[in-house]
Amino acid sequence: MNRLAGHYTYGRLLRYCLAPVAMMVFSSIYGVVDGFFVSNWAGQTAFAAVNLIMPALMILGGLGFMYGTGGTALAARTLGEGKKELASRYFSMVTWTAVVTGVLTGALGSIFAPDIARLLGADAGMMKDCVEYARVILFFNATFILQNVFQSFLAAAGRPGLGFVCTVAAGITNMILDWLFIAVFGWGTSGAALATGLGTCVGSIPPLVWFMTSRSSSLRLMAVVPAPGPVAGACLNGMSEFMSNISGSLVSILFNFQLMRYVGEQGVAAYGVVMYVAFFFIAVFFGYTMGVSPVISYHFGARDRQELHSLFGKSLVISLCAGLVMTALAEILAGPLAAVYVGYDASLEAMTIDAMEIFATCIVFAGINIFSSALFTALNNGLISAAVACLRSLVFQAACVLILPQFFGVSGIWWSMTLAEVLALLVNMVILAKEQKRYGY
């Protein structure tokens with residue numbers, strides 16, 4: 001029997017999603033460590049430079065989430081229909097397309113790195129660090145994209161534990177090399193980028209070999225010529241995740257512009273800490289949706305509406321409970337985390353604590369919003385999923401970060417995240433109610 005089949009109790013659902021959750025949380029931890037070394041050994045300017053260029057790099061790396069989530073939904077639904085060989089062909093088409101895309105976008109991004117940094121507002125002091133960091137990261141763009149692709153497909157193949165092991169290995173590699181390259185060798189932002197890039201090799205090459213050689217996997221990587229139809233369908237269905245990534249990057253750029261306008265480089269550094277820490281608390285939700293999405297897709301393909309309804313209800317409860325816990329943790333840890341990152345500057349530390357305490361209030365709403373978008377991707381409705389994601393991560397956040405500071409100053413910038421999540425939740429409640437009869441969840 002396929003590992004995705006059967007009824008899911010709370011216990012079975014949590015056990016199945018535990019590895020993807022742990023994987024995403026661990027990914028966030030080594031991202032936090034990355035920022036820690038840059039901030040404390042390379043300095044505030046280098047840290048601000050990395051955070052200024054990072055949103056543009058995440059747009060390219062986010063292609064992996066598009067291929068991964070869209071392709072996984074297609075492959076898992078096909079497995080649910082009992083077409084194992086076809087599912088492997090779809091998986092292979094998406095994977096090889098992702099490799100080619102990673103190489104091409106990495107090369108183009110490296111060529112135009114100075115122009116991108118200038119466009120994002122890098123001043124003379126930041127320019128060198130921005131360009132060096134970008135070019136080293138983009139050299140590994142293909143492995144970065146593949147790592148994101150395989151995180152989703154390993155769950156669909158019934159091997160989420162392998163994804164966790166690879167992510168842990170990648171994270172440990174990154175953290176050790178961060179210490180070596182930045183703290184010992186003094187390579188600054190270039191060292192941070194090289195450590196991250198080598199970490200993505202550890203996270204992507206072992207799954208690549210496993211999918212090519214394993215006889216027990218429900219998905220096999222084979223030599224195929226990508227067909228436009230399935231690849232385009234996977235991209236369209238995964239567009240919400242890519243839109244979320246693009247939107248998040250564009251909003252981060254907008255945040256940086258506003259913060260440079262109101263408080264300067266210090267504000268960008270504070271926002272950088274918030275974003276590093278934010279990923280840790282939000283990672284739980286992304287990990288859960290990564291685990292539950294192929295399960296939903298499988299039962300959607302099998303036309304098991306009763307199990308879809310059960311999975312939907314349980315997922316809402318889990319998302320809400322996790323949101324409450326993560327909100328409480330974020331409030332409690334705001335001070336200690338700010339001290340770890342920017343304790344060398346009292347005024348920057350105070351600003352960072354204020355920002356983190358306000359940010360924490362958005363987490364409780366984020367869980368359900370993230371699940372809502374992932375649900376429609378899993379149901380192979382990329383249009384609704386993309387619309388939900390775009391409203392949440394671009395339209396509402398952009399509007400709030402432009403309007404609120406005019407009335408509340410810097411505090412308005414921080415509060416814009418929470419107001420955007422509340423507005424997105426209201427829209428999601430309407431859409432979920434409207435589409436429930438159609439999909440039977």
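Including glycine, each Cβ sits where the backbone N, Cα and C put it.
Per TrEMBL, the features are:
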type     : residues : note
TRANSMEM : 12-33    : transmembrane segment
TRANSMEM : 45-69    : transmembrane segment
TRANSMEM : 90-113   : transmembrane segment
TRANSMEM : 133-150  : transmembrane segment
TRANSMEM : 162-187  : transmembrane segment
TRANSMEM : 193-212  : transmembrane segment
TRANSMEM : 246-263  : transmembrane segment
TRANSMEM : 269-296  : transmembrane segment
TRANSMEM : 316-338  : transmembrane segment
TRANSMEM : 358-379  : transmembrane segment
TRANSMEM : 386-407  : transmembrane segment
TRANSMEM : 413-433  : transmembrane segment
Give residue numbers and ranges for long-range contacts of the transmembrane segment (358-379): same chain, 6 or more residues beyond its ends, CB-CB under 8 A.
69-70, 73, 76, 237-238, 240-241, 244, 274, 278, 281-282, 284-286, 288-290, 292-294, 296-297, 300, 312, 315-316, 319-320, 322-324, 326-327, 330-331, 334, 385, 388-389, 392, 411, 414-415, 417-418, 420-422, 424-425, 428, 431-432, 435, 439, 441
Should anything in the same chain at least six residues away from the transmembrane segment (269-296) have a Cβ under 8 Å from its Cβ atoms, list it; otherwise answer none.
4, 8, 13, 16-25, 27-29, 31-32, 34-35, 39, 44, 47-48, 50-51, 69, 72-73, 76, 151-152, 155-156, 160, 252, 255-256, 259, 308, 311, 315, 318-319, 322-323, 326, 329-330, 333, 337-338, 341-342, 348, 351-352, 355-356, 359-360, 363, 366-367, 370-371, 374-375, 377-379, 414
Taking 45-69, 246-263, 316-338 as candidates, which has the most Cβ pairs under 8 Å with the transmembrane segment (386-407)?
246-263
Would you say the transmembrane segment (316-338) and the transmembrane segment (193-212) are touching, if the rule is that at least three C-beta pairs must lie under 8 angstroms and be 6 or more residues apart?
no
